[in-house]
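Database features (TrEMBL):
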- 1-60: domain 'GAIN-B' (DOMAIN)
- 68-304: domain 'G-protein coupled receptors family 2 profile 2' (DOMAIN)
- 71-92: transmembrane segment (TRANSMEM)
- 104-126: transmembrane segment (TRANSMEM)
- 138-162: transmembrane segment (TRANSMEM)
- 174-195: transmembrane segment (TRANSMEM)
- 224-243: transmembrane segment (TRANSMEM)
- 264-290: transmembrane segment (TRANSMEM)
Amino acid sequence: PFHQDTSNATCVFWQPGAGAGNAGSWSRKGCKTTHREGTVICHCNHLTYFAVLLLPAGTLSPAQLASLTHISTIGCSLSAAATLCTLLLCCFSRQRLRDNTTRIHMHLLAALLLLNCSFLLSTPLATGTEGLCRVAAALLHASLLCALAWMAAEAFHLLLLLVKVYNIYIQHYLLKLCLFAWGLPTLAVAAAFVFKGDTYGYHTISTSEGYRNATMCWLTSPPAHYATLCYASLILLFNMLVLGRVAMILRRIQRQKGQARKDWATVLGLTCLLGTTWGLAFFRFGIFLIPQVYLFTILNSLQG
């Protein structure tokens, strides 16, 4: 028994050679945690060194994790279907692909389609071999980086349209955007996969019950995780600055009474297009944790 007010505690034991680099890791296998009147009781079916670990405050419960999983599955499925239909429609009407704006939209839709499909496949593939899971994790990571990059490309293109500089011309404009948004993320993920294969693998999502969890194929390296967060934060900061600039211009140019609702609809549409709702990922603290997770899941799974 562990006498302390630790409602989020869980019983684990140290399993040598189970972690990255064969250093070992904490495991819940064979241990059950019971909470009774402020006391944590560990029931383990083996003799070994064990400890009681505290989970972070606000850790998701199994019921919340299950509901978020359903929301993600439904939202990503709808987004994948919508983006696929839009891409097919644009492919059959070639006259609509003449301007760069529409082409950039199509590239963003393709990246979102790849992101949604790779996310939906991540959990089922986690039940397969480790090599297959690593490939799925690398594909999910690359699609996320590419989708964020195309959101930045949308913001950059919008900025060029707003500036309205006459006679502006960028040679091989779309090709350069493709190299930035498709090439660089794919190259970075391929390098990490080849030279540091343990960057990707099985990722376990723990619940507040301790011994119940879900597994998917995702990043297993903390440095890669923080690098991805920095990459996303820079892109989202740039996109939010562009969105703020757009809102200021709309407010200044169109001040008629009947245009206010249209302006707000435009800003909301650009919010989705530029992916600024992904910034909710940086508000995971305190009382904002549970509402933020649900908002993040609903808004971003339906982005397509």
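Backbone N, Cα and C atoms are what each Cβ position is placed from, and that goes for glycine too.
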Stretch in 104-126, 138-162, 174-195 most in contact with the transmembrane segment (264-290), if contact is a CB pair under 8 A = 138-162
Can we call the transmembrane segment (104-126) and the transmembrane segment (174-195) in contact, meaning three or more C-beta pairs below 8 angstroms at a sequence separation of 6+?
-> yes
Other parts of the chain folded back onto the transmembrane segment (138-162), taken as Cβ under 8 Å at six or more residues beyond its ends | 100-101, 104-105, 107-108, 111-112, 114-115, 118-119, 122, 168, 177, 180-182, 184-186, 188-190, 192-193, 200, 217-219, 224, 228, 231-232, 235-236, 238-239, 242-243, 245-246, 249, 270, 273-275, 278
Find the average pLDDT over the domain 'GAIN-B' (1-60) in the predicted model and report it.
-> 65
